[in-house]
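Written out below as structure tokens is the structure these notes cover.
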Amino acid sequence: MKLTCMMIVAVLFLTAWTFVTADDSRNGLKNLFPKARHEMKNPDASKLNKRDGCSNAGGFCGIHPGLCCSEICLVWCT
């Protein structure tokens with residue numbers, strides 16, 4: 001009986017501790033949606049479309065097509 005009561009108290013304490021230390025996420029999605037809507041209107045604003053560090057035509061790529069902006073690599077970007 002004592003062990004059961006101690007387990008119940010421990011679970012309640014840990015549950016309360018989780019709620020007290022959690023981040024306030026009430027406005028999390030509210031701030032996310034306007035940014036997503038802006039990226040849908042302007043696809044160039046999306047971070048996924050940006051290719052930082054890619055080589056233009058004539059740049060050395062070895063055999064890794066991911067290094068070229070055109071994704072075509074034959075030792076040199078084409």
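The backbone N, Cα and C atoms fix where each Cβ goes, and this holds for glycine too.
Copied from Swiss-Prot, the annotated features are:
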type: SIGNAL; residues: 1-22; note: signal peptide
type: DISULFID; residues: CYS54-CYS69; note: disulfide bond
type: DISULFID; residues: CYS61-CYS73; note: disulfide bond
type: DISULFID; residues: CYS68-CYS77; note: disulfide bond
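Mapped onto this structure are the features recorded in Swiss-Prot.
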| residue | record | Cβ neighbours (10 Å) |
| --- | --- | --- |
| CYS54 | disulfide bond | 15 |
| CYS61 | disulfide bond | 19 |
| CYS68 | disulfide bond | 21 |
| CYS69 | disulfide bond | 13 |
| CYS73 | disulfide bond | 19 |
| CYS77 | disulfide bond | 20 |
Under a three-state DSSP reduction, the secondary structure at CYS54 (disulfide bond) is coil
Whole-Å Cα distance, CYS73 (disulfide bond) to CYS54 (disulfide bond), is 11
Rounded Cα distance in angstrom between CYS54 (disulfide bond) and CYS77 (disulfide bond) is 10
Integer Å value for the Cα distance linking CYS68 (disulfide bond) with CYS61 (disulfide bond) is 7
If you measure between the CA atoms of CYS69 (disulfide bond) and CYS77 (disulfide bond) and round to the nearest Å, you get 8
